[in-house]
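Novice: The structure follows.
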Amino acid sequence: LMQRKTHVKTNRKKVMLAKLRKSCSCTPQKLKNFVMDFFPVLRWLPKYRCREYIWGDVMSGLVIGIILVPQAIAYSLLAGLKPIYSLYTSFFANIIYFLMGTSRHVSVGIFSLISLMVGQVVDRELLLAGFDLNDDAPPALGDGSLQNDSLSNTTAFNLTIVGINAECGKECYAIGIATALTFMAGVYQVLMGIFRLGFVSMYLSESVLDGFATGASLTILTAQVKYLIGIKIPRSQGHGMLVITWINIFRNISQANLCDVITSAICIVVLVTAKELGDRYKHKLKFPLPTELVVIVVATLVSHYGKLNEVYASSVSGAIPTGFIPPKVPEFNLMLRVAVDALPLAIVSFVFTVSLSEMFAKKYAYTIRANQEMFAVGFCNIIPSFFHSFATSAALAKTLVKTSTGCQTQISGVISAMVVLLVLLFLAPLFYSLQKCVLACIIIVSLRGALRKFRDVPARYHVNKMDTLVWVVTMSASALVSTEIGLLVGIVFSMLCIIVRTQRPRTALLGQIQDTSFYEDDLEYENLSPVPKVKIFRFEAPLYYANRNYFLKSLYRLTNLDPNLEAARRKKYEKKEKRHLKKGNHRTANGLGIGETTLQLVPKQIDFQALVVDCSSISFLDTTGVNTLKEIQKDYKNLNISVLLACCNPSVIDSLKRGGYFGRDFGCMREMLFYSIHNAVLFAKDQ
């Protein structure tokens, strides 16, 4: 017989007080450990193997830096901001993650989905403030103040927003919204780290994340089409942006700029061809081809010397200032306006970063600290928000490039930041003539991975139909409604799918595998032997309030016996018999003698005398579940059928004890509970 261990009850109050005293105590060693944990670079940098690691880190840092520059300029279109802010973001994120991150390989910086989420909030707030989203008048950037804008925009701004500098126009307000949003997202991430709320990421399943990324990619693609063909259409906001944008595109297709169309076609062909060749021959290439940089350099030269902006009215990036703008504290009033929007941004940013960190840590056999990753990403948002930067996250594509080019540590991130710094200080003005359609091409080609998820739908459907449904719903909601709503819909729908699975789980009657002590589903396997006078019922889910009725219906259907109906039928028959006997009629209602009535009490003979419930798949019971088992035990006992439980886990047994299933002194427990189905069957046969 198995004997349960006796667990000593701990005084939770004392334990909590001890932990509190330990956490509040301050010693030199504890302070040192705290600083070392908060800045992991202090642990690994002194142990850095320079000869072994430096070449791979420098190479990967240079390659990522070269990729970062065109991507940063391109993703500024998604965020609705000027390219200089994207460069600031890429620079500061790499430096801060170098100091605070625990992953050796993750590339943290500007990310398309995060840029899109920031851009949607910026556009909405600009509209509410009365700005014209389609005002393409280039601001005067010569003094680097970034505060001058059109008179109409300044007027609309002052009428709507109170307490901000009157000279701050559309561009200034846009970056103010972005920095306030970024600051709030960082605060949420730090608070989640302090209160250890990293478990929130568990509710974002792979299907939800993939569907969200694919739906957002469709939104990104749609937003870039107007730049591809050079038309000016209103920037749609709110729900249904994708559909409205496509309607506006087709309405204005006749106004397409031929120069932009030709440039876009050439750039997409070159970029896609280079990417496909790079993927095919990546094992032969020591580092990826810097195709984006080559395309940007060539396109800028052609646009500048061909005067495409002056001659063909092709839209260009405009002036990009050099150097750094003086830091500024994000506006508190704006934080209040975007506090709700910052929450999904914080969660998505954290989830992508931690999932990528864990994936590469597992691949290269080291460990990361998820809580520290949350702090790192949080401060990658909080600190740069003072320096006119917006939200960041880890990006899969750049991380894959880092690992393929020999990255060993986050020293490569510092090298990438230096490349961006070089552009910020000296090279930024050279991109004045770069066409926006070229940037749109870079963004669209970078979406290949997410859009390829459509090809995986049949395989995904073959593996799991429910997960495929979650992916489709999340993707559709993210694309057709909005990204934030799509993420929320995906989370809620995936939870509902889990609830539905537990509400209507698989149920089965089991048969015995011949000449063994094992039992399996007789509908799934052949050559199983039914056990005489014994029914074995399996319920493959927790038993709780939501699936109680389904449990009972399945049990009655599979055993072909509803004990309540049978008991009611018997009582009704007994009343009829008593009436006949009182009248002095020795013949029963069925026309038989009294001695023959016993045979007629059960019209269809009950073919079992014991019911074994296989509880191996029941992970827990709530109060309703315990009462349900007590109910069937009582109902079947009235029909002289014993109910035996088999394979219960300790938590289920404890729930049954607390619910009084075995009686007050647990005296009947050995006759009602068994550690295997076979033991229960043998007991039933002996009875």
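Cβ from N, Cα, C; glycine included.
The transmembrane segment feature in TrEMBL is assigned to 53-77, 106-122, 173-195, 207-229, 249-273, 334-354, 375-397, 409-427, 471-500. TrEMBL lists 524-684 with the feature domain 'STAS'.
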Novice: Same-chain Cβ contacts of the transmembrane segment (409-427) under 8 Å, 6 or more residues past its ends?
Specialist: 41, 44, 48, 53-54, 56-58, 60-62, 64-66, 68-69, 72, 84, 87-88, 90-91, 94-95, 97-98, 101, 103-104, 107-109, 322-324, 402
Novice: Most CB pairs under 8 Å with the transmembrane segment (207-229): which of 106-122, 375-397, 471-500?
Specialist: 471-500
Novice: Where does the mean pLDDT land for the domain 'STAS' (524-684)?
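Specialist: Summing pLDDT over the domain 'STAS' (524-684) and dividing by its length gives 85.
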Novice: Can you say which of 53-77, 106-122, 173-195, 249-273, 375-397 has the most Cβ pairs under 8 Å with the transmembrane segment (471-500)?
Specialist: 106-122
Novice: Near the transmembrane segment (173-195), which same-chain residues lie under 8 Å Cβ to Cβ, leaving out any that are not at least 6 residues past its ends?
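Specialist: Those are 79-82, 85, 118, 121-122, 125-126, 129, 131, 146, 157, 161, 164, 328, 330-331, 334-335, 337-339, 341-343, 345-347, 349-350, 371-372, 374-375, 377-386, 388-391, in sequence order.
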Novice: With CB pairs under 8 Å as the measure, which of the listed stretches 53-77, 334-354, 375-397 comes out on top against the transmembrane segment (106-122)?
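Specialist: Per the Cβ under 8 Å count, 375-397.
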Novice: For the transmembrane segment (334-354), find every same-chain residue at least 6 residues outside the stretch whose CB is under 8 Å from a CB in it, and list them.
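Specialist: Distal contacts: 106, 108, 111, 113-114, 117-118, 121, 125, 176-177, 180-189, 192, 198, 200-201, 204, 209, 212, 368, 370, 373-374, 376-378, 381, 391-396, 483-484, 487-488.
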